[in-house]
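Over in TrEMBL, the protein carries these features:
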| type | residues | note |
| --- | --- | --- |
| DOMAIN | 30-153 | domain 'Tripartite ATP-independent periplasmic transporters DctQ component' |
| REGION | 163-199 | region 'Disordered' |
| TRANSMEM | 12-35 | transmembrane segment |
| TRANSMEM | 55-76 | transmembrane segment |
| TRANSMEM | 88-111 | transmembrane segment |
| TRANSMEM | 131-153 | transmembrane segment |
Amino acid sequence: MLSWFLRLESLLTRLALVIAVVMLIISVSLGFFQVLTRFIFNAPSTWSEVIARAAMIWCVFMGAAATFRGGYMMAVELIYKLMPRRTLLALELAIGACCLLVLGVLMVYGVQMTLRVRSQMLSGLGMSIAWAYAAIPTGSAFAMVAVIARLLAQSMGLEKLGPENSEVAPEAENDAVREARSSLAPSEPTPPAEGGDRS
C-alpha cells in the first residue's frame, strides 16, 4: 500500500513539475511577445499580459509540489542543529503538519474563490477568470500529496531527515540512502602500478 502510494505520488509530482515548466515557458514567451508588440511594433497586445500572468500563477503553485517533495523550501538549519538527533523525525512531522494545515486552508479557500469568480471574464479573452484561480486549490492538493509522501518516506527510513543539501544529520540516513549517495559520487581513478612494463 505504501509503495503504491509513493509511486502514485511520484507520477503526480512529475506531472505537476511538467505543468510548471510548460507554464513557465508560456509566461516567458508571452512576456517577450508583449515587449515586442509594445516597444518595437507600437501595437501592444491586449491578451498576452493576462495569459502570461495566469501562466506564472500556475507555474508557482504547481512547482510548489515538487519543491515540497524534494525538501527545497527555505529551512532554518539552526533548529535542526540544536535538536537532538533522536527528535529530528518528530521535528519533521511537526513541520509537515504545519505545511499540511497551510495547504489545506489554501485548498479550501481556493476552491471557494474559484467558484465565486467563475462568472467573471478575463479582459480581452472572454474566458472565465476561474481558470487562473483554479491554480490555488490544484497546486495545494498536489503539494499536500507530496508532503505526506515525504513524511512517510522519512518515517520508514527511505529518505534522510533534515532539509535537502544539508549535512545536519548524516548519521540519520538509512543504509539504502547512504549506498545510493555513495554510488552517485564520482569514483577516484586508480593510480598506475609501479614497476610495470614501460616498453
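In case you wondered, yes, glycine gets a Cβ from its N, Cα and C as well.
Note that TrEMBL annotation is computational and uncurated.
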Averaging the pLDDT values of the domain 'Tripartite ATP-independent periplasmic transporters DctQ component' (30-153) gives 88
Best-packed against the transmembrane segment (131-153), counting Cβ pairs under 8 Å over 12-35, 55-76, 88-111, is stretch 55-76
The answer for the transmembrane segment (88-111), taking Cβ pairs under 8 Å and residues 6+ beyond its ends, is 68, 79-80, 133-134, 136-137, 140-141, 143-144, 147-148, 150-151, 154-155, 161-162, 168-169, 172
For the domain 'Tripartite ATP-independent periplasmic transporters DctQ component' (30-153), the DSSP helix/strand/coil residue counts are 95 helix, 2 strand, 27 coil
